[in-house]
Amino acid sequence: MVVLGGLQLQVSNKKENCRRVFLWKKQLRRNHLRLPRGILRISFSVALDSPLALPPVKLSSSFSLPLLDRSFRIDYVNNCFLKDGARFRYISGSIHYFRVPPAYWKDRLLKMYMSGLNAVQIYVPWNYHEPQPGVYNFSGDRDLEKFLNLVAELDLLVILRPGPYICAEWEMGGLPSWLLTKPDIALRTTDSDYLQAVDRWLGVLLPKIKPHLYHNGGNIISVQVENEYGSYYACDYNYMRHLLGVFRASLGEEVVLFTTDGTSASELKCGTLQGLYATVDFGPEENVTEAFMLQRLYEPKGPLVNSEYYTGWLDYWGEAHSTKSAKKVANSLQKILEMGANVNMYMFQGGTNFGYWSGADYKDGYKPITTSYDYDAPLSEAGDPTDKLYIIRSVISKFQELPAGPMPPPTPKFAYGYVSVPQVSEIPSGIAVDTSCGFCSAFQAHGFMLYRTLLPQEIVESALLSASGNGVHDLAYVLLNGEYQGTLERDRVNGINISGQLGDTLDLVVESMGRINFGANDSDFKGLIHNITLGTSILSDWIIYPLDIDTAVAHAWPPTAQSSSGHRGPAFYTGTFTTPGISEDSYLKLPGWTKGQVWINGFNLGRFWPVRGPQQTLYVPGSFLSGSAINTLVVLELQEAPDNPKVLFVSRPLLNVTYNYTHKDRK
């Protein structure tokens, strides 16, 4: 005897078995019960009080029962997807588990389900899971399979996008920066070094994915290969063929594999490949019919699919906060659904680029992306339903029944008020390494490095300290004998004037603001990538100190130091605070501060840059706070701290204040 789906089942003879199995399978389908794929040898008895009860029979023998087949495939005749043989259309939304604290995964997914979605779309960032070659992390906030299981618990399907390149406005588009230890590597091509690393990574990832495929009993209905490859300069079809072979060998022939590209002929030409179903991405600004006509040039038959329907857009430091009209988003969504198309809304919840994970674009110059990835999405950065969500939900209700029950409320927010951070410590140096490729020479993926040399001569009158060939990637905070002199900035500030004595110590604290994540993203090396000159002299004999600040902060560094006010140049400010017995979400505002990084209880909240904007507050998840113990706050200010160093916890975000870049952050 065995219990399946709450049923105790028992059989009598073969003839009766056939009739009962037919009725049992029919009732299982009607009640949406799922069973694992395969053959199971069982015996039946149905409890009389079961809502699925059949007339009882006596136990006399057992038999082999074929379980229900599960399938997800493309119907090229009727131009649709088929799920378990029936016509199916997905209405999906993007969420990134790596931008949401694990404590809130279920909350966000439940809100997506209650919005009427039947699927979610998920990226997998390679660099998040393989921080060093051959070192893998799938635990804690990187537990991909736990996230997939939570999605399944809420009866949501998954459209998986495992790369290896993902874009996502994420550091280096998800590619690990240690690839750049080979300076001549050609990313996203058939370069042998690159393919060797890709194959090793996919050899770890794809076996984890396979049990979660829909036809294997999981909830992944389709898998994207690469991402928007038509936007990349290489147009290497052999690279795409190689990936297709790897995905098929690992995942099998049944799974739907697809590509996504923009709606231009050049993008679709280089991004598509026979054997991969071609889909498109576009936002509410584009004509829906014309956009899908471009998909039809490459997929004359099969379902219409918009894999990235843009509900909002990303933000860059120094530019206005991006928004999209909720009405326009909803109207265009309705047109998509009226055409019978499948759609994924990018993003449905954006989340946060905690730590150093935000990427950058290169459009007439280097453009780093903000810490907030709010995206003006239907669910806010903190996962709260917006007016845009309810308008979208109303559109969805015209095409399919919404789940019963109310939308979960916003998470509670609390304004903890001002917290003083009076203790100041200088940035320490670490271990000296060679200078062959900047950050990668020290195997440092993110953050900061200290370059140190001595002035080779006396500079009586000020001379120009500059980086040839725009050689600072991305900012360099200049100190002479520990005194802050100013900042060099990629594509913006190439030189400052300094003066000093022979043998004075010249320090450059160099910050990576994120590697380029989209388009012709050639290897974006970080650090000092070209010579630094003082007047007409090239400076040499640099010693490089990698600064593993996160590890130090996690071990209660910096130690208690002197109090200070109005300090200029890179320094740490430390303070503590308690909450009134709660640990609710909040937002951290830094009035009077210039630029830097913040840690709470050892967790890196991300970059702040209020003088550049538009983002003025950092999202502080309540799960990072303690309601019963002392909380520790560490602020790394890189340019100039306020006279009375303190921060302010508020209950609302502020993402839309922009200043001209010639403000004091340029000093």
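Here the Cβ of each residue, glycine as well, is placed from N, Cα and C on the backbone.
Taken straight from TrEMBL:
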| type | residues | note |
| --- | --- | --- |
| DOMAIN | 81-398 | domain 'Glycoside hydrolase 35 catalytic' |
| ACT_SITE | GLU228 | active site, proton donor |
| ACT_SITE | GLU308 | active site, nucleophile |
| DOMAIN | 443-548 | domain 'Beta-galactosidase 1-like first all-beta' |
| DOMAIN | 570-626 | domain 'Beta-galactosidase galactose-binding' |
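In the predicted structure, the domain 'Beta-galactosidase galactose-binding' (570-626) carries a mean pLDDT of 97.
Across the structure, GLU228 (active site, proton donor) and the residue listed as 'active site, nucleophile' are spaced 11 Å apart at their Cα atoms. Across the domain 'Beta-galactosidase galactose-binding' (570-626), DSSP classifies residues as 3 helix, 27 strand, 27 coil. Mapped onto DSSP helix, strand and coil, the domain 'Beta-galactosidase 1-like first all-beta' (443-548) counts 3 helix, 58 strand, 45 coil.
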